[in-house]
Amino acid sequence: MSDATSIKHPSGLTSGDFTAAEEPFALFAEWFAEASGSEPNDPNAMALATVDPDGLPDVRMVLMKGYDSHGFVFYSHIASQKGRELAANPKAALLFHWKSLRRQVRVRGAVTPVSDAEADAYFATRSKQSQIGAWASKQSQPLESRFAFEQAIAGVAAKHLIGAVPRPPGWSGWRVTPARFEFWHDRPFRLHDRIEFRRDTPDHPWTKTRLYP
């Protein structure tokens, strides 16, 4: 725990005074860069929370595939449970947890689909086997057996022995545009540091508040 609390940020701040940060995306970039060097698996993994039509929450782990000042991007099947829930209620919460650094970041905001061009560009970077799997999978639908899935994969693979695999029309991405960030850092005796950034719209400035642990 003492090692984690002595980390230096590129900005010159230490983990103990990260609360001096004034812009959440820059702070996230610093923390994510450090997590990318310390997390043993998937530093871009994030919990994605959505709400179903009955108001019941659903949460699952997904991989962040990009971020910038406009938000955080992930991809999946449009007809999946998450896709259907986001279509009905385009709001979500994210959680990044980096155990190696004793840190987490929470995000909440509105969700919008990425453009076809953006989805096409990302899909083209996936391995061919992953591209084929996206065509074969009917994500979140009942599956008779693993063998049936493997047969579907083989059928798609046979159609794409040569050449590029196009993006399935039912597979795309979403962008979560933050209205709220919360940065949490572990401290001894549970006297943790927490700061929150809020804004009413993407055009408004951020308001920062320090929170009790």
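Heads up, the Cβ atoms here are built off N, Cα and C, so glycines get one too.
Per Swiss-Prot, FMN binding site is recorded for R60, M61, V62, L63, M64, K65, Y75, S76, K82, Q104, Q139, S140, W184, R194, and the stated evidence type is sequence analysis. Cβ neighbours of V62 (FMN binding site) (same chain, under 8 Å, six or more residues apart in sequence): A45, M46, L48, F74, S76, K82.
Taken from Swiss-Prot, the feature substrate binding site applies to K65, Y122, R126, S130, R190, L191, H192. Less than 8 angstroms from the CB of S130 (substrate binding site) sits no same-chain residue that is six or more residues away. Under the three-state DSSP scheme, S130 (substrate binding site) falls in the helix class.
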**Asked** Just the number: how many Å between the Cα atoms of L191 (substrate binding site) and W184 (FMN binding site)?
**Response** 11
**Message:** What are the sequence-distant neighbours of Y75 (FMN binding site), meaning same chain, six or more residues apart, C-beta distance under 8 angstroms?
**Reply:** K65, V114, A119, Y122, F123, W171, S172, G173, W174
**Request:** Rounded to the nearest Å, what's the C-alpha distance separating Q139 (FMN binding site) and R126 (substrate binding site)? Just drop the number here, would you?
**Result:** 18
**Request:** Let me know the most crowded of the binding-site residues, choosing from M64, L191 and counting other Cβ atoms within 10 Å.
**Result:** M64
**Item:** W184 (FMN binding site) and H192 (substrate binding site), Cα-Cα, nearest whole angstrom
**Value:** 7
